[in-house]
Amino acid sequence: MANRRFTEQPLSEWMRSGGKESEIVISSRVRIARNLLNRPFPMLATNQQSEDVLNQLESVLADERMQQFGQLSPVLLADLDELDKKVLVEKHLISPNLANESRSGAVFISEDESLSIMVNEEDHLRIQCLYPGLQVQEAWDKATSVDDIFEAHVDYAFDDHRGFLTSCPTNVGTGLRASVMMHLPALVLTQQINRILSAVSQVGLTVRGIYGEGSEATGNLFQISNQITLGQSESEIIENLYSVVMQIIEHEKSARERLLSESRLRMTDRVMRSYGILLYAAIMDSKEAAQRLSDVRLGVDLGLIDALSVQVLNELTVMTQPGFLQKKFQVSMSPGERDMYRAKLIREKLGK
Amino acid sequence: MHCQECGKRPATLHFTKIVNGEKTEFHICEACAREKGELIPGTSGGFSIHSLLSGLLDFTPGSHAQGNKAPENLRCEECGLTYSQFSKIGRFGCSSCYKYFNNRLDPLFKRVHGNTVHVGKVPKRVGSHLQIKRKLDDLRKELQYRIHQEEFEEAAALRDQIRELEKNISSE
């Protein structure tokens, strides 16, 4: 069954290649929100109406132009148990919102998991593209071409004045949310992060935790995304995000260089201690795991730790999440037990 | 200060609730807050963008002074969502809500986006009319520029192009 593959492999195919600036930028993501004309938004739709929307949107997948994106497997949310949903959220293949409101909710996922098309989320249609490293433009190019194919078959709710009409007023206009996930340990260590993040918020961008709205930034991972969707064109939004991200990368790089040149010994001590703890600890809560993994990732990037690939760290970032842990060990766990299994998993993965 | 619910743990959350103009202060610990399902800013417990938005929606400057229809009577004829429901949940019920609530949306969009008018992508079929209008705007701007540069041959070609497009629009 197609579902199983998506929930059992921790690492999506798309994450295996590095992409531009991959020592600082983990991934780039673009999603666009669309709705069908003359149909109530999913929040108010009846079961029948939601099902009709799903059928109509699913039929577009038959368009032969869709083939360029590879096989798209349909996954009905109603067919998944809570744990599988959790894993899909942890892999960013569906939003927490789709996992919760699953009335005729569905997602179509491409083989390499870089394209996921959500149906009956907050909006009828959400097209999401994920790429490794800094590739927002590439992600947008793909998302907009998928959008064009849908638009050739279905009538969108669109208004000359307001643009694409969305369920939430924060998405109206372009319906575009572009975001870049960044690993910024040196800016955190040198205490420049707050200054930079507040500057970011003044140019129409926002910073969130790695699982989107309301989630905390752990492990020095920050998700930078556009706040404004109305009154700016898509290319302006993408360019604005790109240029701000490039500037943050420069700051992070120079902070890393300074840390290395001014306190190499302390840095080495810090990353090696974290590495040691990950290798030998018997209990590891998620917050500590994220922090230690961040230290080790920095150590790898700075060349202080070799014999370890960033890919293993990417894998661990996903695998140490609660849903995936339970999936992996096939037991439901109390938070305390999770900490034990998490430590066990990390030891196994790194000990190889 | 101890938590007013359990009386044991120290109170770490202090907030004021105003319901129907009646003010109540709370001093509770995080565990009790979670149990009671109170909205705690910064946690996934419930304080969301939508609750933030509804704060913005209640504020509609100048609406009373201009004698607009009161929000209580304002509803979307298509899906039935009332404006007051919308201002509570912060989400539209259907695309027609944009039409029925239109007069009240500019201040909201201004606050959220700093803008009120879409300038981005236009769908090819539904928005074909708008695409021509945008193209016309661009051509007219270029025409002005050419005239200014005294490049009259190019200007004449642009003028013809504009006439052609205008004809298309009026014949639709």
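Yeah, the Cβs are placed from backbone N, Cα and C, and that goes for glycine too.
Per TrEMBL, the features are:
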- A:27-31, A:H92, A:R126, A:177-181, A:208-213: ATP binding site (BINDING)
- A:24-255: domain 'Phosphagen kinase C-terminal' (DOMAIN)
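Cβ-based neighbour count (10 Å, all protein chains) for A:V30 (ATP binding site) stands at 30. Mean pLDDT, taken over the domain 'Phosphagen kinase C-terminal' (A:24-255), works out to 91 on the 0 to 100 scale. Between the binding-site residues A:R126, A:R208, A:R126 has the most other Cβ atoms inside 10 Å of its own Cβ, all protein chains included.
Within the same chain, the residues at least 6 positions away from A:S179 (ATP binding site) whose Cβ sits under 8 Å from its Cβ are A:S28, A:R29, A:V30, A:R208, A:Q223, A:I224, A:S225, A:N226, A:L241, listed in sequence order. Taking a C-beta cut-off of under 8 Å and a sequence gap of six or more, A:S27 (ATP binding site) has these contacts in its own chain: A:M15, A:G19, A:L130, A:Y131, A:P132, A:G133, A:V180, A:M181.
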